[in-house]
Amino acid sequence: MKITKLTTYRLPPRWMFLKIETDEGVVGWGEPVIEGRARTVEAAVHELGEYLIGQDPARINDLWQVMYRGGFYRGGPILMSAIAGIDQALWDIKGKVLNAPVWQLMGGLVRDKIKAYSWVGGDRPAEVIAGIKTLRQIGFDTFKLNGCEELGIIDDSRKVDAAVNTVAQIREEFGSDIEFGLDFHGRVSAPMAKILIKELEPYRPLFIEEPVLAEQAEYYPRLAAQTHIPIAAGERMFSRFEFKRVLEAGGLAILQPDLSHAGGITECAKIAAMAEAYDVGLAPHCPLGPIALAACLHVDFISRNAVFQEQSMGIHYNQGAELLDFVKNKDDFKMEGGYFQPLMKPGLGVEIDEEQVVARSQGCADWRNPLWRHADGSVAEW
């Protein structure tokens, strides 16, 4: 079997799908994208495609090394996202050829189900509480929400009070009936993170995500030493070599590699195994589409240290398409009691509605994240 063609489709809300075709008619699907940089990743996919045409898709490990080491310059979000989507599609092909789900090819299940959590949007406490109530009606009891607005290096205590007030009202409304993580989104400096985390401790969040940017990872162990709240990060780390440094430094309780950003299934399975050796949990980052989610689930179901799985159903970014709009086998993604079950169909287990993908990709607008500024006019972290 030989690879014959790679086709990319930019889609709403901010996704990109990749179709890899073979000379025997077997097709694999992947989801290579950086939110807001889809065209750049698309160019990288087609550059890497030059290595792949005419090659055997079954040699996933070799093709991964060719894509990663074939160029003198490597790593980073663009290249690793391109590799990630290609890697997903190659695993999809392998599973279809062997008539087995990817988790089966990687050694089989370590669990029967995996807890899912849902994003909750809203800028005011009442909006967040209303969102949680709606999501509880469809079975969720675990959530993630933005922990705060953008903060300067040293900022107003009123912003800290506002963030704490939101969390306090959520805990008062729901008590211990729900769990929630708080995403600082890299918006907070180390000095402000120390203050904010301390103020949030009485409300027992499940975790604090990206308390500072990955570029400031040296603060993770320092912040962790000052709190009992688990610290999570990893969505902006792109290879096992970056994760190696934070694991060795300590401080993180949960790693959050993104299966569409960090080299795909092949790389993230290695990252998961590294994390297990350090007694660190795994919670793959996934605010993206169904192919990315399927890839995450296969890694979750082979990784003993997987703790829960993010998914984008109802997320505020999903303007123009919902999580399963391009999927035929929607029932396979149905959650029971807030848990995902293993995907049982061959490959990734996602049946893509190709006709709709082609139609919706025509004239798809480019998504860009907002550009925020502080009160003084300087650029803020979004």
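Every residue, even glycine, has its Cβ placed from backbone N, Cα and C.
What you are looking at is a predicted structure, and each value in this text was computed from that prediction instead of being measured.
According to DSSP, His185 (active site, proton donor) sits in a coil region rather than a helix or strand. Here Swiss-Prot flags His185 as active site, proton donor, drawing on similarity to another entry.
The annotation active site, proton acceptor is assigned in Swiss-Prot to His285 on the grounds of similarity to another entry. The local packing around His285 (active site, proton acceptor), expressed as other Cβ atoms within 10 Å of its Cβ over all shown chains, amounts to 25.
The feature Mg(2+) binding site is assigned by Swiss-Prot to Asp183, Glu209, Glu235.
The site 'Increases basicity of active site His' annotation in Swiss-Prot covers Asp258. According to its DSSP assignment, Asp258 (site 'Increases basicity of active site His') is in a strand.
Among the features that Swiss-Prot reports, site 'Transition state stabilizer' is placed at Glu310, with the record citing sequence analysis. Look at Glu310 (site 'Transition state stabilizer'): DSSP puts it in a strand. Within 10 Å of the C-beta atom of Glu310 (site 'Transition state stabilizer') sit 23 other C-beta atoms, taking all shown protein chains into account.
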Beyond the site residues Asp183, Glu209, Glu235: chain residues whose C-beta lies within 8 Å of the centroid, for Mg(2+): Lys144, Gly181, Phe184, His185, Glu210, Ala232, Ala233, Gln256, His285
His185 (active site, proton donor) versus Glu209 (Mg(2+) binding site) - Cα distance in angstrom: 7
Inter-residue Cα distance where the pair is His285 (active site, proton acceptor) and His185 (active site, proton donor), in Å: 12
Of Asp183, Glu235, His285, i.e. the recorded positions, those within 10 Å of Glu310 (site 'Transition state stabilizer') when Cα atoms are compared: His285
Rounded to the nearest Å - Cα separation of Asp258 (site 'Increases basicity of active site His') and Glu235 (Mg(2+) binding site): 5
Distance, His285 (active site, proton acceptor) to Asp183 (Mg(2+) binding site) (CA atoms, angstrom): 12
Asp183, Glu209, Glu235, Asp258 as recorded positions, winner by CB count within 10 A: Asp258
